[in-house]
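Data block below; observations after.
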């Protein structure tokens, strides 16, 4: 009797396992979605002014990398850290993300930080659309003017010199405090 009960349980568990595997839809697998977001976000990105954003997206939602500004007096690369939605919606929405750069490296300290917040939109013309806040350390009396606001669009295609000049002439602002401090 005991062998019959054990055999019946084993058959039941096998049936449940096979049924679950057969009914799983791989296109709805959240791990597949995470991999797609990771693969899409990871890489080298350029904004409209030619600044370079090199990022790695971790499976846990972490963003790590460097940012090199093409404007102002920023020298070399600055470390960035951030987060992204590692389980993005599957309805075609963008993937929410954000990162911060403290404008201090071995060459310069601007006593400021910029945060970018936006969405990664995949596809053949992948882009990251962001809004940024640049806050500089200042006295209490000048706190009212310590934060600048702007926007950047990042693509994986480096902009041409003509495109960068057009953006500058159009008055496109940037999140580089070393440029803002000189204004």
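Each residue, glycine too, has its Cβ placed from N, Cα and C.
Per Swiss-Prot, signal peptide is recorded for 1-24.
The domain 'Avidin-like' annotation in Swiss-Prot covers 37-159.
What Swiss-Prot records for 67, 78, 116, 132, 144 is biotin binding site, and it gives similarity to another entry as the kind of evidence. A strand conformation is recorded for residue 67 (biotin binding site) in the three-state DSSP classification.
Counting every protein chain shown, 23 other Cβ atoms lie within 10 Å of the Cβ of residue 132 (biotin binding site). Confidence across the domain 'Avidin-like' (37-159), taken as the mean pLDDT and rounded to a whole number, stands at 94. Of all the binding-site residues listed here (67, 78, 116, 144), the one with the fewest other CB atoms within 10 A of its own CB is 144.
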